[in-house]
């Protein structure tokens, strides 16, 4: 059976439509403001060339905003980067799905494609504006969000260090409860997404830990026990010895959410549920607040240098984990392509085979969920593993708060019931899932 159609802005009034009409131009306007505001910095760093580059970038972004708002055709990329050809091939693929004479455009093409395309065009605008071609237009917002989340970060680092101090005294049941708690922290940390707030302040200002009980009813799919079962399969039944166990985390947002991912990764090692954790980040600035290698390393450095005992202890431990290769950071251009994940084996076989080495792959956040499910109009009750179509590299778990109108694996009637009481339940970030597929 063919999968359902892709979500797109052609459905007037849909979240995709409102995103392309309002939110994406708003993000682009913020990019224009940021670049313009840094004009003096570009001059200090690069002289007149920096000022000329700023003008070029502004002109590029203004033109891009106009193309979007007037539903112009999607254009090929011209920046000769490693992924340029793949993007242009994907544009040809999108053309091949249309009738003769039709062209992919902002409001007609799949939402997943045009939203990813906007961020790749932002990168193109910077790349084509040397000498500022390495500039991250979203870095200021990510840094600000990190510092505004300090109270919540301190609370979480303190909690982790206390937990590790008392670990020997915990029963197996207590350890399980602690892991469930940290999975929930990881889930609700995903609320902090600057691409949804249009780049406006969306930091975590209070400790999530005290709210977990009250948040629990809002977890629509809760596969935490099954996730733990997958992790517990690490003991060899004959010898009782622990096997090497690898967990991968495909990251979403920098800032507070990244700290929740680090805390979970630390606990997995401390509980001996994993012997190594592999993190996957983006190779370019993406979706306003997504984690790049710079954000990853910068965050650990900030914690190391913090004037707070437990924050700096966490930073030191995490740096050590990287040094000893208990933690490994990867980046791959596939994560910033528009492709659904069911195309990974064909488009990026090296990445697919890397994920096949994992015992559990955790996908954080909404964009990953959209790519896992193809961002299609699935019925709410379709099983998660079915919506993944051919993407089954390893047991995988999606941890996301809902901020896009795609959701599968719900019990019959739940989606309809929520619509009748809360029309925006799929986009508010109020509800979440911890959803597992063990199909391999």
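From the backbone N, Cα and C atoms, a Cβ is placed for every residue, glycine too.
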Site co-member for Mn(2+) according to Swiss-Prot, given 252, 253, out of 223, 266, 290: 290
Per Swiss-Prot record, range annotated motif 'Subfamily III RTxK motif' [choices 400-403, 404-407, 408-411]: 400-403
Pairwise CA distance, residue 257 (S-adenosyl-L-methionine binding site) versus residue 368 (substrate binding site), rounded so that it is a whole Å: 15
Three-state secondary structure, residue 369 (substrate binding site) (per DSSP): helix
Cβ neighbours of residue 252 (substrate binding site) where a neighbour is any other Cβ within 10 Å: 29
Residues in the motif 'Subfamily III RTxK motif' (400-403) grouped by DSSP into helix, strand and remaining coil: 0 helix, 2 strand, 2 coil
For the binding-site residues 253, 368, the one whose C-beta sees the most other C-beta atoms within 10 angstroms: 253
